[in-house]
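As written in Swiss-Prot, here are the features:
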BINDING   D9, E58  Mg(2+) binding site
Amino acid sequence: MAILGLGTDIVEIARIEAVIARSGDRLARRVLSDNEWAIWKTHHQPVRFLAKRFAVKEAAAKAFGTGIRNGLAFNQFEVFNDELGKPRLRLWGEALKLAEKLGVANMHVTLADERHYACATVIIES
């Protein structure tokens with residue numbers, strides 16, 4: 001196995017809160033997959049939930065070396081937790097096609113948050 005990419009992102013939670021206050025659920029609709037959307041709608045901390053998902057997806061786009069463009073969208077990267085609570089990534093659409101093209105075999109996600117920030121790192125391996 002070889003490392004194909006590494007991405008890190010940090011999000012100021014207040015910034016996400018301000019966007020939600022200004023534009024309602026538009027950002028959440030653009031960023032979240034259908035499964036994440038269902039969780040977000042009833043989550044006890046929806047702003048923090050969205051900020052963490054946003055950080056992971058930005059980090060993933062950086063790890064893939066593309067950013068969010070050329071057919072890639074935030075909602076094609078889905079963050080979920082495994083049976084131990086560890087954050088994982090599931091890919092859809094163009095993100096999945098890109099992973100297959102690059103020969104991605106493993107994706108590692110780490111996520112941390114404090115009062116004001118959410119931070120994520122994603123490593124992709126062949």
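Please read every residue number as a count from 1 along the shown chain.
The backbone N, Cα and C atoms fix where each Cβ goes, and this holds for glycine too.
According to DSSP, D9 (Mg(2+) binding site) sits within a strand segment. Within 10 Å of the C-beta atom of E58 (Mg(2+) binding site) sit 22 other C-beta atoms, taking all shown protein chains into account.
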